[in-house]
Structures are given as C-alpha cells and as structure tokens.
Amino acid sequence: MILAHGIGGRADLPIPMWLALYTGAGAVLIAFFAVSVLRPRPRPRSASAGVSLPGVVRKAADARGFRLALRACGLAGFGLLLATAWLGVDDPAANPAPAWFYVWFWVGLIPAALLFGPIWRLVNPLRSLSALARRCLPKALRRDGPPERLGHLPAPAGMVAFLWLELASPHPGSPRAVALFVTVYAVAHTVGGAVYGPRWFDRADTFEVYSGLLATLAPLGRDPGGRLVLRTPAAGLRAGRADAGHTALALVVLGGTMYDGLSRLSLWIDLTRAVGRPAATLLGTAALGLVIALNFLAYRDALRLTRPCLRPSATAPDHQFTHSLVPLMVGYGVAHYFSFAVFEGQRGWLLATDPFGRGWDLLGVGGAGVDYTVLAPSLIVVVQIAAIVLGHIAGVVSAHDRALAVVRPGDLRTGQYPMLTLMVVYTGIGITLMSAG
C-alpha cells in the first residue's frame with residue numbers, strides 16, 4: 001500500500017524506550033493525583049456554559065445561505081472523489097482519490113471537529129442526497145427515526161468496515177477499492193436517511209458519530225438555549241452525552257489504532273510476508289478483530305470494578321466515562337497519522353493536478369514530488385509520544401470530572417483506580433508500539 005502510515009519509516013527514540021515508558025506512565029499518574037487534590041468538587045454548572053459569541057457571528061454561522069454553501073461543497077467534493085476513484089487510473093501513485101479519502105477526509109475530520117465542532121453534520125453530502133430521495137419516497141414508506149431493533153450497531157459496525165479496508169484489506173490503496181467502499185456506504189446511508197429521516201445520521205452514520213464525539217473537545221459549542229458559544233474543551237466533555245453507540249465506536253477506533261501500531265512491527269511484517277497475501281489478509285482481519293475485542297474486554301472490566309462505587313442515582317453506568325476516551329482517540333489519531341497526513345497530504349495535492357491520468361497539469365505542479373524533508377524523523381517520534389501522553393492526561397482529567405458527579409464521595413479515590421489503571425496500560429502500549437514499529 002502506497003498510503004502507509006509514517007512513510008519514510010519511524011526513527012529511533014531520542015531517549016531510551018524504558019525512560020519514555022516511565023515518563024509517560026508517570027505523567028499520567030501525576031496528573032491523576034494532581035487533579036484529585038486541585039479539583040475535589042464538581043465544577044458549577046455555569047462553568048460549562050461558555051461565553052456567547054457576538055450576535056453577528058451567530059447569525060452568520062446559522063444563516064441559511066452559509067448552510068447551503070457547506071452542503072454544496074460537500075456534494076461537489078463527494079462527486080469529485082467518486083468520479084476520480086471510478087474513472088481515474090487504478091493506481092494510488094497516479095490517482096489522488098485514496099489520498100483525498102484517507103488523508104483529507106478521514107484524518108481531516110480530526111482537526112475540523114476540534115476547531116469547528118460537529119461540522120461534518122453540516123457538510124455531509126449523504127444528508128443532502130437522502131433529503132432529496134425522501135421527498136420522492138411515498139409517505140407510506142417514510143419512518144420517523146431508525147427502528148429500535150437496530151440499536152446502536154450501524155455506526156460502530158461501519159467503523160469496523162472502514163478500519164478493515166484501511167488496515168487489513170488486500171488492496172487498501174486501490175482507487176477502485178475506495179470507490180467501492182464509498183459507493184456502498186453512500187447507497188446504504190442515502191436509503192437509510194430517505195426512509196428514516198435525518199435522525200438516521202445522528203445514530204447510524206459512522207463518520208458523523210465519530211465527528212460528533214471529537215467535537216466535544218472543540219472550543220465552539222452550543223449552550224442549552226442553542227446559542228453558539230466559546231467554551232473550554234473540559235466544558236465540552238462535561239456537557240457531552242454518550243450512549244452504547246458512542247462507547248462502541250470509541251473503543252473500535254482505539255482498537256484500530258492499536259492494531260495499526262502492531263502491524264508496523266517488523267515481526268508482524270515478516271510474518272505476513274512469510275504466509276503470503278491471501279493468508280496475510282485473513283491473519284490481519286483476525287488480529288484486527290482480536291485487538292478490538294480485547295479493547296472492549298479491558299474497558300468492560302474497568303467499568304465492572306468501578307460500578308460498585310457509583311452513586312445509586314447514576315444512570316447508564318456503562319457509558320458514564322465514554323467521553324474520557326475522546327482525548328485518547330485524538331492522541332492516538334495524532335500519533336498515528338501525523339507524518340502520514342503531512343506527507344500523503346502533499347501527494348493528494350500533487351496528484352490533483354491530473355486527477356484522471358490524462359496528462360493534465362491543472363495546478364501547475366506536474367513533475368513535483370513529495371517533500372519528505374519537511375519533518376525530521378526525531379520530531380515525528382517526539383510528536384507521536386507527546387500526543388499519546390497528553391491525550392491520556394486529558395482522559396484522566398475528564399474521567400475525574402465525571403467521577404466527581406457519579407462516584408460516591410467516600411469512594412472517590414478508589415472508584416477511579418480501575419480507569420486510571422486502564423489509562424496507564426494504554427499509555428504504555430501506545431508508546432511501545434509507536435517506538436518499536
């Protein structure tokens with residue numbers, strides 16, 4: 001696959017691995033005990049409200065014309081991606097569609113959501129297509145929301161399918177593979193949105209649910225009255241609500257990034273080369289599923305140990321700490337995709353000059369190549385480890401904030417130990433995989 005994470009290879013750690021592990025785990029532990037001392041009581045509700053933005057900004061953000069422009073951009077980008085993926089050459093070295101999809105869209109969701117909130121909800125071309133299709137659908141076939149029997153399965157199931165395409169499928173960089181995935185995904189959600197209405201996307205659209213989770217860390221949010229406000233990331237995490245779908249999707253993403261790190265180990269690469277491609281695909285699929293399953297089991301056990309310490313009034317105990325996983329998703333996302341985004345993002349721009357392989361030079365960059373010197377290898381490693389450690393520190397702080405509200409006062413310290421242990425283990429695994437890959 002030409003679109004491999006961390007193209008150019010990973011550098012050796014600028015410090016010994018044991019020191020990185022001790023430092024990372026120690027930082028998480030220090031953060032836990034520090035926040036326990038400095039924040040012994042829940043923050044007042046007013047601290048989560050945020051600061052209202054000027055009226056002109058709020059009106060512009062909510063203006064119909066602005067919303068329509070975002071929808072138009074989404075439809076145009078979607079159409080260009082599909083046209084390039086289906087009609088361009090089936091070679092990731094000459095077709096920009098894989099870079100657009102994996103880098104500009106998938107990785108780009110992280111900074112977009114962190115800066116602007118759940119903006120993919122406003123851009124999503126499938127919402128626009130399903131709205132048009134719903135108008136053509138007989139009223140007898142329309143439903144108000146997805147059926148309860150579907151539960152919260154569609155969003156995490158879609159994430160598993162995407163991660164399999166990216167990490168375990170035999171030809172993840174093939175433009176035709178990207179085209180097939182996007183087409184099937186688009187048809188499924190356009191039909192779902194047409195039948196079940198806009199609420200389908202709130203629960204079932206993998207990338208909308210993912211973007212919404214990341215958006216809880218954004219400085220832009222809505223107060224209880226729906227007004228656009230500036231807020232702290234901690235306030236967004238406190239205000240966030242989670243269900244089984246959010247929890248499952250977050251755990252799937254974390255499991256996928258862990259498997260990605262595992263698949264970069266030289267031992268794993270040698271093994272897959274030895275068994276050959278068909279067997280390697282089966283092996284990768286099984287390993288991806290196993291890592292995700294182990295992630296679920298570890299989180300379940302941490303919650304099982306925490307549950308006896310919860311207040312009787314705590315509702316949905318299995319999802320009380322879901323938003324403490326969001327900083328971990330961001331940290332792992334930055335660690336795994338930082339160099340990938342910088343290098344392969346350039347490729348998406350350079351190949352856009354001739355998207356269909358016709359010999360064009362629309363952007364005047366024909367013949368230029370990816371500049372791998374923009375990032376020093378040692379900088380890449382430092383950013384990766386810092387992202388993992390800072391993400392886990394933020395996760396510990398978020399879990400503490402939530403514990404203040406749902407854990408019995410007498411069990412406040414011990415009730416947080418299971419989640420703290422999980423965070424420390426995650427930190428060690430992340431640093432090990434990043435540095436050993």
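Yeah, the Cβs are placed from backbone N, Cα and C, and that goes for glycine too.
What TrEMBL records for 15-38, 68-89, 101-120, 248-267, 279-299, 320-343, 374-397, 417-436 is transmembrane segment.
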The transmembrane segment (374-397) vs the transmembrane segment (68-89): 3 or more CB pairs under 8 Å: no
Top Cβ-contact partner of the transmembrane segment (417-436) among 15-38, 68-89, 279-299, 320-343 (pairs under 8 Å): 15-38
Closest-packing stretch to the transmembrane segment (68-89), where packing means Cβ pairs under 8 Å, from 101-120, 279-299, 320-343: 101-120
Cβ contacts under 8 Å made by the transmembrane segment (248-267) with residues that lie 6+ beyond its boundaries: 5-6, 10, 152, 155-156, 159-160, 163, 166-168, 206, 209-210, 213, 284, 287-288, 291-296, 299, 322, 325-326, 328-329, 332-333, 335-336, 426, 429-430, 433-434, 436-437
Recorded stretch, among 15-38, 101-120, 279-299, maximising Cβ pairs under 8 Å relative to the transmembrane segment (320-343): 101-120
